[in-house]
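A.B. asks: In case it's useful when we look at the structure, here is the feature table from TrEMBL:
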type	residues	note
BINDING	104, 105, 106, 109, 194, 195, 196	UDP-N-acetyl-alpha-D-galactosamine binding site
BINDING	194, 196	Mn(2+) binding site
ACT_SITE	286	active site, nucleophile
């Protein structure tokens with residue numbers, strides 16, 4: 001069904017949008033991101049001919065009033081109930097989109113890969129073409145998983161590292177290099193995950209955008225002065241206390257192949273800059289990722305539904321826990 005807004009409804013929509021932007025800017029300046037729990041935005045329902053729908057403009061933001069659904073730079077924040085997956089699936093199918101998923105399975109983290117792949121086959125990008133790229137120091141440890149039609153598993157043998165911190169930071173360089181060598185010709189979007197995650201609910205094309213980040217579940221209701229960013233001003237990951245929009249988790253990020261290349265290249269170069277000074281950012285690759293997103297705003301944010309940790313309980317605003325951390329003894333898996 002199509003609808004044709006009148007001239008006056010278009011004027012009203014413009015005024016409403018400007019009012020929302022001004023309000024958001026004032027609120028942001030006053031209190032950072034502490035208003036995530038405040039009343040959300042009521043926007044006019046997107047209305048256009050189906051054949052002219054733009055992938056990024058069909059999000060129906062009016063469905064949630066209990067959480068923030070739009071950033072001050074007008075990027076959508078994806079929560080349950082803020083999108084129509086049927087429309088999105090049809091649009092992405094028309095484009096024949098190919099999605100890649102990268103995961104690093106090094107040392108003791110190989111115990112997680114079977115669960116990740118099995119749950120991904122059930123919940124990740126159902127009905128779409130997917131390439132799983134598993135970087136590992138133990139090829140034999142990767143299980144033989146039965147994959148659905150149009151889905152492929154690529155195992156890439158890499159060297160192991162002594163420290164878990166080196167593993168997390170090294171992945172930025174490896175993703176960047178593999179993009180330029182091969183991925184640029186094989187997939188359109190790249191989703192980068194930690195190995196110790198499992199899918200518990202649907203994660204589909206609603207997450208895709210030029211570049212997206214995931215709001216850390218431990219900070220989504222907190223103001224920026226509580227963020228655990230790198231505070232040493234001589235580090236390449238440095239973010240002053242009065243700066244920062246959201247605190248993003250390092251376990252899940254992605255975007256188009258071209259944009260993920262830019263992100264990983266920035267993070268790797270920042271790490272090398274700090275390494276030359278014999279320092280590391282507080283939270284390693286996560287710190288550099290937050291620095292990147294501060295000055296290169298993500299075009300879409302995913303709510304904590306997409307990187308939940310049961311340690312944080314079950315807040316009423318988190319309707320679905322789509323991707324969750326597997327419980328573990330950090331000391332044992334990182335030794």
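Yeah, the Cβs are placed from backbone N, Cα and C, and that goes for glycine too.
A quick note: this is a predicted structure, and the numbers were derived from the prediction, not measured.
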A.B. asks: Let me spell it out: for each of the recorded positions (194, 196, 286), count the other Cβ atoms within 10 Å of that residue's Cβ, using every protein chain shown. Which one has the most?
C.D. replies: 286
A.B. asks: Between the Cα atoms of residue 195 (UDP-N-acetyl-alpha-D-galactosamine binding site) and the residue listed as 'active site, nucleophile', what distance do you get, rounded to the nearest Å?
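C.D. replies: Taking the Cα atoms only, residue 195 (UDP-N-acetyl-alpha-D-galactosamine binding site) lies 15 Å from the residue listed as 'active site, nucleophile'.
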A.B. asks: May I ask you to report the DSSP-based helix, strand or coil state of residue 109 (UDP-N-acetyl-alpha-D-galactosamine binding site)?
C.D. replies: helix
A.B. asks: Between the binding-site residues 105, 106, 195, where is the Cβ count within 10 Å the lowest?
C.D. replies: 106
A.B. asks: Rounded to a whole angstrom, what is the largest C-alpha distance between any two of the residues 104, 105, 106, 109, 194, 195, 196 that the record assigns to UDP-N-acetyl-alpha-D-galactosamine?
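C.D. replies: Looking at 104, 105, 106, 109, 194, 195, 196 as a set, their Cα atoms extend up to 11 Å apart.
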A.B. asks: Return only the integer: C-alpha distance in Å from residue 105 (UDP-N-acetyl-alpha-D-galactosamine binding site) to residue 286 (active site, nucleophile).
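C.D. replies: That comes out at 18 Å between the alpha carbons.
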A.B. asks: Through the lens of DSSP with three states only, how would you label residue 104 (UDP-N-acetyl-alpha-D-galactosamine binding site)?
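C.D. replies: Going by the DSSP assignment, residue 104 (UDP-N-acetyl-alpha-D-galactosamine binding site) falls within a strand, counted as strand.
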A.B. asks: Just the number: how many Å between the Cα atoms of residue 109 (UDP-N-acetyl-alpha-D-galactosamine binding site) and the residue listed as 'active site, nucleophile'?
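C.D. replies: With distance taken Cα to Cα, the residue listed as 'active site, nucleophile' is 18 Å from residue 109 (UDP-N-acetyl-alpha-D-galactosamine binding site).
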